[in-house]
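Asks: Under the heading compositional bias 'Pro residues', TrEMBL lists 110-122. The feature compositional bias 'Acidic residues' is assigned by TrEMBL to 512-524. Summarising the annotation, TrEMBL assigns domain 'Major facilitator superfamily (MFS) profile' to 23-482. Sequence annotations record features per position, and here TrEMBL assigns region 'Disordered' to 100-126, 501-524. Here TrEMBL flags 21-45, 171-195, 201-218, 230-253, 259-279, 300-318, 338-358, 365-385, 397-417, 424-443, 455-477 as transmembrane segment.
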Amino acid sequence: MPPGAERVPWRWLAVGRASRRLVLVVVFVALLLDNMLLTVVVPIVPTFLYTTEYEGGNSSVAPARTEPAPPASRAPPFSSMFSYFDNTTVTVSGSTSAVDLANGTESSRPPQPPASSPPLPSGCPEGEEFLAEENVRVGLLFASKALVQLMVNPSVGLLTHRIGYHIPMFVGFVIMFLSTVMFAFSGTYTLLFIARALQGIGSSFSSVAGLGMLASVYTDDFERGNAMGIALGGLALGVLIGAPFGSVMYEFVGKSSPFLVLAFLALLDGALQLCILQPSKISPEGTQGTPVSALLRDPYILVAAGALCFSNMGVAMLEPTLPIWMMQTMCSPKWQLGMAFLPASISYIIGTNLFGILANKMGRWLCSLTGMAVVGISLLCVPLAKNIYGLIGPNSGLGFAIGMVDSSMMPLMGYLVDLRHASVYGNVYAIADVAFCMGFAIGPSTGGAVVRAVGFPWLMIIIGVINIAYAPLCWYLRNPPAKEEKIAILSQECPMPTTSYTTPKTLRDFPLTDDSDVEAENAE
């Protein structure tokens with residue numbers, strides 16, 4: 001083989017490491033797998049806990065209850081003269097009713113089983129008290145991921161500023177792989193809870209580092225908006241595939257199968273990161289970033305973060321409560337519990353890709369305001385559904401509207417940092433991820449308790465009204481002032497355009513090649 005042919009793969013790899021599109025592919029795949037694991041458990045956990053804990057507990061108690069039945073069957077020597085009792089005892093399933101009929105003392109008890117039996121022919125699960133308690137337990141399990149991610153995000157933002165984005169991205173892959181394998185082989189509520197919390201740590205590393213990496217590579221605001229829309233499309237695709245994929249695999253293959261498939265895909269993602277990102281290389285930011293405390297005092301960043309939090313809180317409340325509500329009211333089989341989220345996922349991926357471009361033209365503040373209003377209206381319509389087909393319209397509107405909010409607020413966070421602070425993006429996207437996680441922490445943890453207290457319809461009314469009431473605050477993001485404008489107002493002069501950034505930043509290639517750091521030092 002000629003030496004030139006041997007160098008072709010390495011030359012292709014060197015070109016790929018300097019390509020912004022391949023960086024976008026890496027972030028896309030990381031968000032895809034993270035959100036597939038986020039939603040694949042939604043239809044699995046409620047039915048798995050019901051099967052293992054409620055039905056398993058009843059089946060273990062059933063033999064003890066059926067042991068007194070043989071003495072009742074030994075009574076025929078005393079009642080053999082009444083041969084017509086033999087026919088009645090065969091048709092009655094309960095042992096107590098057989099004894100009562102044989103003795104002829106309780107004639108009013110046979111009507112009692114029909115009072116509790118109407119749900120059974122339609123396939124509704126038993127155990128109303130267990131399902132009510134399961135709302136709370138499943139909500140806490142789902143919220144554990146977001147709560148852990150909420151605590152880890154600020155530390156990851158500081159870490160990306162010191163060592164760059166590549167190593168945290170790879171650490172996130174390793175932790176997510178371990179969490180996926182643990183999900184596959186967990187058989188108790190405690191182990192599932194630990195696996196979900198471990199996923200929160202990995203998700204924090206992947207999302208903060210990935211979005212910060214995109215913001216640093218795509219410096220133009222319009223290109224950044226398009227890139228964020230594509231990356232959020234990976235998030236949407238993960239949500240789209242996760243719940244239906246989990247419900248079908250759990251119904252027809254088994255509980256471990258969807259998690260083992262995700263673990264294999266995570267290994268492919270790790271190999272892609274090793275080839276493209278070089279996670280052993282430390283590349284800290286050259287510019288001193290704005291502290292998180294200063295960013296949290298910026299009212300415009302807080303308004304944008306609030307929009308992300310409350311819009312995603314609605315779907316976060318649906319994840320643990322909607323499957324159980326469908327089991328109780330619609331008597332839905334297992335595969336429908338995940339399919340109910342399919343319209344929301346499809347419309348979300350359409351919304352993120354469509355408004356990643358349109359939001360910059362129509363105004364990101366208007367896009368977010370409209371999206372939050374539609375989120376509230378869609379949530380108000382969810383309890384009106386009588387079957388799974390009645391959920392198509394509300395869930396479609398919900399997913400499309402959340403896509404509008406996410407695709408407009410994510411790039412706006414980076415624009416606000418460029419406009420009002422130093423152009424270092426790790427901390428601001430840590431805040432954005434904190435807002436996202438607060439929605440997925442408060443939503444499931446409080447949603448189950450609210451459903452148990454006042455019911456599922458009132459939960460949807462409460463969160464829907466909150467979204468509609470918050471929507472007008474997005475108007476304040478219409479024309480946020482830059483720092484230069486404040487200086488110009490104080491000096492009563494305005495020599496600079498209002499859309500200029502705070503400090504001119506030397507643009508350099510994405511620091512993935514060995515020569516890029518030398519070029520950056522020469523430029524300085």
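Here the Cβ of each residue, glycine as well, is placed from N, Cα and C on the backbone.
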Asks: Ranking 21-45, 201-218, 300-318, 365-385, 455-477 by Cβ pairs under 8 Å to the transmembrane segment (230-253), which is first?
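Replies: Per the Cβ under 8 Å count, 21-45.
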Asks: Who are the long-range neighbours of the transmembrane segment (171-195) in its own chain, taking Cβ under 8 Å and residues 6 or more past its ends?
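Replies: Distant Cβ neighbours of the transmembrane segment (171-195) are 30, 33-34, 37, 41, 45, 49, 52-53, 137, 140-141, 144, 201-207, 209, 255-256, 259-260, 262-263, 266-267, 269-270, 273.
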Asks: Restricting to CB pairs under 8 Å, which listed stretch, 21-45, 201-218, 455-477, is in contact most with the transmembrane segment (300-318)?
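Replies: Ranking 21-45, 201-218, 455-477 by Cβ pairs under 8 Å to the transmembrane segment (300-318) puts 455-477 first.
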Asks: When only pairs 6 or more apart in sequence are counted, do the transmembrane segment (338-358) and the transmembrane segment (21-45) reach 3 or more Cβ pairs under 8 Å?
Replies: yes
Asks: Is the count of Cβ pairs under 8 Å between the transmembrane segment (365-385) and the transmembrane segment (455-477), pairs 6 or more apart in sequence, 3 or more?
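Replies: They do touch: at least three Cβ pairs between the two stretches lie under 8 Å.
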Asks: Give residue numbers and ranges for long-range contacts of the transmembrane segment (21-45): same chain, 6 or more residues beyond its ends, CB-CB under 8 A.
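Replies: Distant contacts of the transmembrane segment (21-45): 138, 141-142, 145, 169, 172-173, 176, 179-180, 183, 192, 196, 199, 202-203, 206-207, 210-211, 213-214, 217, 227, 230-239, 241-243, 245-247, 250, 255, 258-259, 262, 265-266, 269, 272-273, 276-277, 319-320, 323, 334-335, 337-338, 341, 345, 510, 512.
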